[in-house]
Structures are given as C-alpha cells and as structure tokens.
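> Let me give you the structure first, and then I'll get to my questions.
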C-alpha cells in the first residue's frame, strides 16, 4: 500500500468514526417510528400532481421532472420552531440543471427560508447547496461535496430551528450552523414557515453557472422521499410558546453543538466544503456581519 492509498483509507475511516461518534440527540428524543408516519399525515401535493407517485401505502413518495413540469409538496402546517427531517434519494447519473430541494420557507417578499438544494451534475458527485434567507435577503450560500453518492440510497437530511440556532444535518452530521445573533443587530428567521420539497428545472443557474443544461432525452428524472414526521411547534400555538423549553428542541442542550458534533462539523468544513459565501472576496469585499459568529 502506497502513502496516498493509506491516507485515502485513513481519511475515510476518520469520517466513519465521526459519524458513529457524533451526538445524534435530535434523532433519539423524537421517539416516533418514522416508518409509521405516512405522507398524507403531514403533507399535501402542491404542484405537478401528474408527476407525484405515492408508494408503499404512502410511506414513500416519488417526484418526477419531465419537459412539461416538475413537482412538489409542502407541509399542511406552519411552524415557528422545530426539528424537521426527511429521507431523500436524488435522481442518478447525468442530472445537469436538475434541482432537488428540501427547505423551510415563509411567504411574501420579506420571507425567511432555510434551504437544502441538491444541484444536479454530469456524471459524478453533485453539489449540495445550503442557504439562509432573512426578511427576503439570501446570498448566504455554502456548498459541499458529500462523502457518499446521494443517488445510490436514502440518506437523512434535517433542519433544527430554535431560538438559539439553525443547524442543518446530513445523516446526523452537522453541515451548517446559523446562530441567532439578533442581540448583535443581525436578522434571524422568525416568521412562520412550512416544510417544502420539490424537484424542478434549475438549468439557468444550477450546474456550471447555467452552462450545462438539462438533457431531456434522459427524462423523466425521479427523486424519492421517505420519513414524513415533523417535530414542530404550530403557528397557531399560544403567543411566544414556540420558543418554550417545554419543546425538546428548545432546551439548553440544543443551544449549541455538542463536543462530538462540533468535531464532526469542523471535519466537514475542512474536508468537504468547497464554497462559503463568507470567504468570497469577489462578492463581498468585507465579509457579511454574521460570518464571524457562524464560522
């Protein structure tokens, strides 16, 4: 075994170790068997009805994108805090221009939003882009190359949103943290948001800056989803109740990453993140104010 092979194997084992060691608190306390929660319990199809297929008695949903339409669904409820997760298997092979999205969003021009977006690619790994909008302002993109092929099998993607922080997880590993720094004069998502999932045509920007278009001869493109339970505080709850520590995701242990989560997060940033708006000196001569708190 040469040195490069050894380092490659060592790096892979290190990632596995961190995945095993990372504190999966958010997955343990929920206590609900995901396999028993059906699509219709929490979600409704919102567009592209002809491109939505319910499988396994509603325990799995397949979205399709063809030349006529993409498709999507959203949660029946609006939330003001919570832990939201879903299992996704994205379309395989050449998916240039195809976007698979899982996100939280409010409505209107001054909306809040927290995004997972899988940006299609030619043969090979696709990029995962995350973004955070506050009062209609985004431009907070980060991109990473996952340590697995998300088209081969289902993986779990989750968003923790509480009064302290927003954390995006991939298979229990934190891949993004956005802290509540309103005390420092910054904005933080606070509007009631729905969970939205979609498969759509993003060829004008998603791959190579829009240079690589969708190869429609490969359509339809199909993405599959499982695990439709949400742990969230409904908007119609008593005023200010959604920030209460009576909800497990608002307790002090979720006010910051655990030590093991922090180690895993640092590993992701060092090895897998290939774009961070906070480091983009072309777009931002001075890093946005929130960067010093979130990095």
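Any Cβ shown, glycine's included, is placed from N, Cα and C.
Remember, it's a predicted structure, so these values are computed and weren't measured experimentally.
Per Swiss-Prot, the feature domain 'GH16' maps to 27-225; the stated evidence is sequence analysis. According to Swiss-Prot, the site 'Important for catalytic activity' annotation covers 115, on the basis of similarity to another entry. Marked as xyloglucan binding site by Swiss-Prot on the basis of similarity to another entry: 117, 129, 130, 131, 139, 140, 141, 204, 205, 209, 283. Residues or ranges marked as active site, proton donor by Swiss-Prot on the basis of similarity to another entry: 117. The N-linked glycosylation site annotation in Swiss-Prot covers 180, 215, 229 and rests on sequence analysis. If you look up Swiss-Prot, you'll see 233-242, 278-291 marked as disulfide bond.
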> Just how spread out is the xyloglucan site if you go by the largest Cα to Cα distance in Å among 117, 129, 130, 131, 139, 140, 141, 204, 205, 209, 283?
21
> When DSSP states are folded down to helix, strand and coil, where does residue 205 (xyloglucan binding site) land?
coil
> Work through the recorded positions one by one (115, 233, 242, 291) and name whichever has its CA nearest to the CA of residue 283 (xyloglucan binding site).
291
> Specify the count of other C-beta atoms within 10 Å of the C-beta of residue 139 (xyloglucan binding site).
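Other Cβ atoms within 10 Å of residue 139 (xyloglucan binding site): 12.
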> When DSSP states are folded down to helix, strand and coil, where does residue 278 (disulfide bond) land?
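Once the DSSP labels are grouped into three classes, residue 278 (disulfide bond) ends up as helix.
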> Quick one: mean pLDDT on the domain 'GH16' (27-225)?
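Computed over the domain 'GH16' (27-225), the mean pLDDT is 95 on the 0 to 100 scale.
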> Could you check the recorded positions 115, 117, 141 and say which one's CB has the fewest neighbouring CB atoms inside 10 Å?
141
> Between residue 291 (disulfide bond) and residue 233 (disulfide bond), what C-alpha distance do you get in Å?
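Spelling it out, the Cα of residue 291 (disulfide bond) and the Cα of residue 233 (disulfide bond) are 28 Å apart.
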> Using a 10 Å radius around its CB, how many other CB atoms surround residue 242 (disulfide bond)?
22
